[in-house]
Amino acid sequence: MGTARIAPGLALLLCCPVLSSAYALVDADDVMTKEEQIFLLHRAQAQCGKRLKEVLQRPADIMESDKGWTSASTSGKPRKDKASGKLYPESEEDKEAPTDSRYRGRPCLPEWDHILCWPLGAPQGEVVAVPCPDYIYDFNHKGHAYRRCDRNGSWELVPGHNRTWANYSECVQFLTNETREREVFDRLGMIYTVGYSMSLASLTVAVLILAYFRRLHCTRNYIHMHLFLSFMLRAVSIFVKDAVLYSGATLDEAERLTEEELRAIAQAPPPPATAAAGYAGCRVAVTFFLYFLATNYYWILVEGLYLHSLIFMAFFSEKKYLWGFTVFGWGLPAVFVAVWVSVRATLANTGCWDLSSGNKKWIIQVPILASIVLHFILFINIVRVLATKLRETNAGRCDTRQQYRKLLKSTLVLMPLFGVHYIVFMATPYTEVSGTLWQVQMHYEMLFNSFQGFFVAIIYCFCNGEVQAEIKKSWSRWTLALDFKRKARSGSSSYSYGPMVSHTSVTNVGPRVGLGLPLSPRLLPTATTNGHPQLPGHAKPGTPALETLETTPPATAAPKDDGFLNGSCSGLDEEASGPEQPPALLQEEWETVM
């Protein structure tokens, strides 16, 4: 009872961080292209233009601000830039200003310099600090850009040059020193490329195995095959998306956008028609990636719902629920992805569509979030049932360590199936592309996200006893067939025992029993007649060997499998006709998990 009361509270506590950082999870695989950077820069320019228009339409506010700004003159002393430490001589206006009075100057008007939207500037050499814009991917978003406003209400110029002075050194530090950052990204790319490749290969083999053996065709394995296929399509869509995005100019290339290039881009934007045509392939790739990403989450949820139904439903019709699970896993993600595509194409048809566009991202993120929360709650509840079952089976025994080991093993087996690793760093959103915590988080997520399909294929296919039994049986049949073919190529043989000569082909030396397969002579018992060995392919009428073979009843054939109890899928697709079948179904699930 104590465990039952604690589990809901624990699930609620662990699910709260999931709701608080959904954006970080779903956008983890996005990349920034040069075209997307251009789009963000133009959008920032448009927003700045609106703000400038609002400010310029209120001259009274500027004059009121003008009255409040005063600064003391420091004639005869050079000024030092607070940001860069460079010394600049005083202007002639500052030298002429009286030293025994306070001078009221005009503020510098806000303006767009093709990178930043500068606010009103205080006069008399005051340095204006503005945070580095977050819409420029390569900038250091913790730094600041600096400008200085003179007493005439003009932004200070660079000495000897006819352009406004600005200090972007803190913002562009990632552009000038990116060797270590590139090593981190290259390592992350290698990790998830290897992981998704191994997952794709192992899942392909697993699907072929489950599809080839007819005795493995059952609802449980059909659901496994759908889950495997969703992992495979997710991996393929990621590879395709990366190929499309990286085929053009991206911000992960060696040549990055410099400050001058950003200004040139903002001054001469590309034609909208050309930009839209160039985004077609990218948008299709991103759309399929988001769809297969969503289907993967929902088939993980289907696995949890299926196992949960076997545990808590007394009468569970698997055939009927399989169709519902199929529609749920493939159809529901198609609905909200189609809605998202329609909204993006209608209201925000800009960029490559892998960027968030206001609140429209929640059309996809909320359903994915809901699936993560649900299958984590199912995981907690199933682990609770496992703990209860182990406690009941271990009642009266003193070895509690074995009980805990079984529970730990069962939990570890269920973790990759339910994607429990998703919630480890859910409370840590992507706020910066640097730092030790960010590197730990990215390595963890890239490792487990890419290798999750590989772990699922190993646990639920290659380590499954039923699958191993079918493979061993097929291997035995294949080696037996090779043995007969090898002996058949040796031709007919003559065997002489006393007055009788038997010319027998080796392909007919054994009777067909059991599963209808021919048996090798060395596998059959050798009978004797009058002290002479009796060949399997020849026996005198009335001999014990012949009588034994002739009177062998059909009941000696392989017994019919009875479903989960014997580790087979036969009989799983029948409707539940009595209270005995659900425990049989559940027994196989316990064998897989335990």
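Note that Cβ sites are derived from N, Cα and C of the backbone, with glycine treated the same way.
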From Asn152, Asn566, the one Swiss-Prot labels N-linked glycosylation site | Asn152
So, in Swiss-Prot, are Lys361 and Lys485 both on one side of the membrane?
-> no
Can you tell which of Cys16, Cys48, Cys171, Cys218 Swiss-Prot lists as bonded to Cys132 through a disulfide?
-> Cys171
Disulphide pairing with Cys149 per Swiss-Prot - partner from Cys108, Cys117 = Cys108
Whole-number Å value for how far Cys132 (disulfide bond) lies from Cys149 (disulfide bond) (Cα to Cα) | 19
Alpha-carbon distance [Asn162 (N-linked glycosylation site); Cys48 (disulfide bond)] in Å | 24
Counting Cβ pairs under 8 Å that sit 6 or more residues apart, are there three or more between the transmembrane segment (362-382) and the transmembrane segment (224-244)?
-> no
Want to know which recorded positions, from Cys108, Cys117, Asn152, Asn162, are within 10 Å of Cys171 (disulfide bond) at Cα; which are they?
-> none
Within-chain partners of the transmembrane segment (320-340) [C-beta distance under 8 Å, separation at least 6 from its ends] | 219, 222-223, 226, 230, 287, 290-291, 294-295, 297-299, 301-302, 305-306, 309, 360, 363-364, 367, 575
What is the separation, in Å, between the Cα atoms of Asn167 (N-linked glycosylation site) and Cys132 (disulfide bond)?
-> 11
Reduced DSSP assignment, Cys48 (disulfide bond) = helix
Sorry to bug you, but what's the C-alpha spacing from Asn162 (N-linked glycosylation site) to Cys132 (disulfide bond), rounded to the closest Å?
-> 24
